[in-house]
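Report on the following structure.
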Amino acid sequence: MAEPDPSHPLETQAGKVQEAQDSDSDSEGGAAGGEADMDFLRNLFSQTLSLGSQKERLLDELTLEGVARYMQSERCRRVICLVGAGISTSAGIPDFRSPSTGLYDNLEKYHLPYPEAIFEISYFKKHPEPFFALAKELYPGQFKPTICHYFMRLLKDKGLLLRCYTQNIDTLERIAGLEQEDLVEAHGTFYTSHCVSASCRHEYPLSWMKEKIFSEVTPKCEDCQSLVKPDIVFFGESLPARFFSCMQSDFLKVDLLLVMGTSLQVQPFASLISKAPLSTPRLLINKEKAGQSDPFLGMILGLGGGMDFDSKKAYRDVAWLGDCDQGCLALAELLGWKKELEDLVRREHASIDAQSGAEAPNPSTSASPRKSPPPAQDEARTTEREKPQ
């Protein structure tokens, strides 16, 4: 092994770190020594990796107006959207943890050992009934995509949408007009279902699953009689392979990261914000700030790239705080798209209403399964769900 070069600044500094550690181990002031070591390490990384250097701003101002002007420039050609439950709540779809209205606060009647059990694959295989009872309660029918969903549709229509990464399993992105190629459904989807038997894996469409749910029949495979499960990611299951394959290529070429309606607390989805190059602006539209982290600790722990909205070194991150639909309307207005967006929402909602009216069940038979819409309009719903790391 080559000997360390004492003239190299990093190796010299590293030697000092070792000396400090050796000295500290022999001292009684461990707490004070640990504090000094942390300060020394901060200085080390700042000097060798330019952690503390001021970066040139990527936007002419760190505001929504600055983002809009950037989007209108030649520099912004590929937008990635990262979305969570907050973009679907205005459609009447609850998130999981909001007090009194979140799904976890309304599961007592299912007599679960703990709320999360309803989404655990091991519990589901033994006791599928609570999940399908909940699925019937939550099944949309009347739910429509929101302004946020249609804003992403506009990005697609204008050739700006590179990909939408969604934590939601409600299929509203598809109903709004995004196609399979546009989407990475990180936590799966109700759009398709599969037999849980590894030797079978027969696939079933949403219309088939919808009929079973509304007839209160536990879905069983027509080939082998095993359970059939919607393709949502339960606790204990891996994320779809597409999540990782798209991530590897998409974030090499993204020009703007648009984050909407997510707390950025669920891994590995939350780590996607750190995949964007340092030269890529990031806009958060959410009710509260999210995704912030200590840049030093983030680098040490491999969680670098946290949002920085407020420090003197902020250079690319913008937070618009409030209702997600209102945030999209505000951005659309700055882009000159507001009327186009509002017209799109009205037109699409009218189409959904017309179809729902044509398919409305007879009141005397309302308990019967409803006729399934064609695939382009298929709907299902739960919402963003916390996944274990």
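Cβ coordinates come from backbone N, Cα and C, glycine included.
What Swiss-Prot records for this protein:
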| type | residues | note |
| --- | --- | --- |
| ACT_SITE | H187 | active site, proton acceptor |
| BINDING | 85-89, 95-97, 167-170, 262-263, 286-288, C324 | NAD(+) binding site |
| BINDING | C195, C200, C221, C224 | Zn(2+) binding site |
| COMPBIAS | 378-389 | compositional bias 'Basic and acidic residues' |
| DOMAIN | 57-338 | domain 'Deacetylase sirtuin-type' |
| MOD_RES | A2 | N-acetylalanine |
| MOD_RES | S23 | phosphoserine |
| MOD_RES | S25 | phosphoserine |
| MOD_RES | S27 | phosphoserine |
| MOD_RES | S53 | phosphoserine |
| MOD_RES | S100 | phosphoserine |
| MOD_RES | S207 | phosphoserine |
| MOD_RES | S368 | phosphoserine |
| MOD_RES | S372 | phosphoserine |
| REGION | 1-34 | region 'Disordered' |
| REGION | 350-389 | region 'Disordered' |
Counting all other Cβ atoms within 10 Å across every protein chain shown, which of the binding-site residues C221, C224 scores highest? C221
Taking 10 A as the limit, how many CB atoms besides its own sit near the CB of the residue listed as 'active site, proton acceptor'? 25
List, in sequence order, the residues of the same chain other than C195, C200, C221, C224 whose Cβ lies within 8 Å of the centroid of the Cβ atoms of the recorded Zn(2+) site. V196, S197, S199, R201, H202, E222, D223, Q225, S226, V228
Count the Cβ atoms, other than its own, that fall within 10 Å of the Cβ of K287 (NAD(+) binding site), considering every protein chain shown. 14
For a quick check of packing: other C-beta atoms within 10 Å of the C-beta of A85 (NAD(+) binding site), how many? 26
So what pLDDT does the domain 'Deacetylase sirtuin-type' (57-338) average out to? 90
C-alpha spacing of S88 (NAD(+) binding site) relative to S207 (phosphoserine), in angstrom: 22
Using a 10 angstroms cut-off on Cβ to Cβ distances, just flag whichever of S88, N168, S207, T262 is the loneliest among these recorded positions. S207
Name the one residue among A85, N168, T262 whose Cα is closest in three-dimensional space to that of the residue listed as 'active site, proton acceptor'; these are the binding-site residues. N168
